[in-house]
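A.B. asks: Taken from Swiss-Prot, the feature ATP binding site covers Thr29, Leu30, Gly31, Pro32, Asp86, Gly87, Thr88, Thr89, Thr90, Gly413, Asn476, Ala477, Ala478, Asp492. According to Swiss-Prot, the region 'Disordered' annotation covers 521-542. Annotation source Swiss-Prot lists compositional bias 'Gly residues' at 533-542.
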Amino acid sequence: MAKDIKFSEDARRAMLRGVDQLANAVKVTLGPKGRNVVLEKKFGSPLITNDGVTIAKEIELEDPFENMGAKLVSEVASKTNDVAGDGTTTATVLAQAMIQEGLKNVTAGANPVGVRRGIEKAVATAIEELKAISKPIESKESIAQVAAISSGDEEVGKLIAEAMERVGNDGVITIEESKGFATELDVVEGMQFDRGYTSPYMVTDSDKMEAVLEKPYILITDKKINNIQEILSVLEQVVQQGRPMLIIAEDVEGEAQATLVLNKLRGTFNVVAVKAPGFGDRRKAMLEDIAVLTGGQVITEDLGLELKTATVDQLGTANKVVVTKDDTTIVEGAGDSTQISARVNQIRAQMEETTSEFDREKLQERLAKLAGGVAVVKVGAATETELKERKLRIEDALNSTRAAVEEGIVAGGGTALVSIYNKVAALEAEGDVETGINIVLRSLEEPVRQIAHNAGLEGSVIVERLKHEAVGVGFNAANGEWVNMIDAGIVDPTKVTRSALQNASSVAALLLTTEAVVADQPDENGPAAGPDMGMGGMGGMM
């Protein structure tokens, strides 16, 4: 396919037009008085959101050169979202400011490579200063403040703070859509996995259709159990002790299943069988987790163990097990705390090594089941459109809170970026490097300027006053007052602010050093029709 090539000023200007179109659509959402953006969906109702990265991902421009500029800024938002989970609008605003200022200077004759060095030098200093003024997050109230600022809703803040208090920093908090109007929190304590009983005849409570086992023995194996003879020996030992039993196996079927159900109905013993969770290697790892949590062993040929020779000593135990049609929950497993800690550290090490987002998520779930618990925030709303918008805001709030726990908090509302202005301005440089530093200085003011603008105020006036205020004092755009931002609970996670600045400067510096842009020429004849495929002239239909 033929290509279009643009050089130097033409190339950069075309990309800037794309940057501006995307950034202008995103930045109207910034701050407490930011507006929403409506996104068309080909199927279903439109999506109304103020989430920067969601908006950025939806934007495709017709002009290929402009589209490349838009995609670069979309990358800033996506990368910030991947690292910190929030701050995507701030990152977009910073990137636009740096690119606009940078292109002015490059057009005026500045050397882009020198400008880039200046940007990198200024951002490195800015990040050091952000870390220096960062405060650790210690109380439930602080967590609630971070979540409330991100979601724009105090109730959501309290809900997320309670969830984190209940499941700990290692716990998993998931967000689901509720069928009702209210948003509520559901916490599962203990280890839960998504496998239920293999037969409904195993229930102990026919009203709730669940099996509750008090102080059961737990047999854990990766084998299929077809014949009752395979587990007869260990079953007899458990019956002698007069305690119930949970069997976790690849499957329990045929004669083994029938015998277990028959004896359960006769009242000979209380036993429940469930399938092992997960698949393949992940299944083995999860069975090992259950074994560590309950103080048992996985009966597997990999370790040279057989079901026929299994003893009570190899079984795990727990205070209580609840099994429903869909889930099994093990409460207060009797495993050794030292072994559980070692297993937790092993999973943490695997999380640091993996490059797959999916694997990391699954490892995080396993970690939560061992170390904390699982909390589910069920999001309710009157309409589907409101539900989607609310769910996105709560996801942002949760990510913000996690980032705050990790690296601490700084004054919110863009105040922290202006408060480090003087430290960055004190950097000594000359020529184009100094120009690069000045570009970053101008961009540090931009989030405050945009928040004020979205609140219907003159941003430059607010910025000038902010530079002369005491450290930590900022402008609360929600009510127009000047307050101590941290005392007022207007805070941003340090990680979010840092990531936004780093990613914005990275893309801005690359765009400024661009000298040629290559794009596909549009096909004037439109897309070619597909082959006929013997369908009588319907080849072009898709």
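Using the three backbone atoms N, Cα and C, a Cβ is placed for every residue, glycine included.
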A.B. asks: Compute all pairwise C-alpha distances among Thr29, Leu30, Gly31, Pro32, Asp86, Gly87, Thr88, Thr89, Thr90, Gly413, Asn476, Ala477, Ala478, Asp492, the residues listed as binding ATP, and give the largest one in whole angstrom.
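C.D. replies: Between the most distant Cα atoms of the ATP site, 20 Å.
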A.B. asks: Is Asn476 (ATP binding site) helix, strand or coil when read with DSSP?
C.D. replies: strand
A.B. asks: Would you mind listing, in sequence order, the residues at least six apart from Thr88 (ATP binding site) in the same chain with a Cβ closer than 8 Å to its Cβ?
C.D. replies: Val26, Asp51, Gly52, Val53, Ala56, Ala77, Ser78, Thr80, Asn81, Ala500
A.B. asks: CB neighbours of Thr29 (ATP binding site) within 10 A?
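C.D. replies: Taking all protein chains shown, Thr29 (ATP binding site) has 21 Cβ neighbours within 10 Å.
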A.B. asks: Enumerate same-chain residues with a sequence separation of six or more from Asp86 (ATP binding site) and a Cβ-Cβ distance below 8 A; give 'none' if the list is empty.
C.D. replies: Thr80, Ser150, Asp396, Ala397, Asn399, Ser400, Ala403, Pro493, Val496
A.B. asks: Out of Thr90, Asn476, give me whichever of these binding-site residues has the highest number of other Cβ atoms within 10 Å.
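C.D. replies: The residue with the densest Cβ neighbourhood is Thr90.
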A.B. asks: For a quick check of packing: other C-beta atoms within 10 Å of the C-beta of Ala478 (ATP binding site), how many?
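C.D. replies: Counting Cβ neighbours of Ala478 (ATP binding site) within 10 Å gives 16.
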A.B. asks: Translate the DSSP assignment of Thr88 (ATP binding site) into the three-state scheme.
C.D. replies: helix
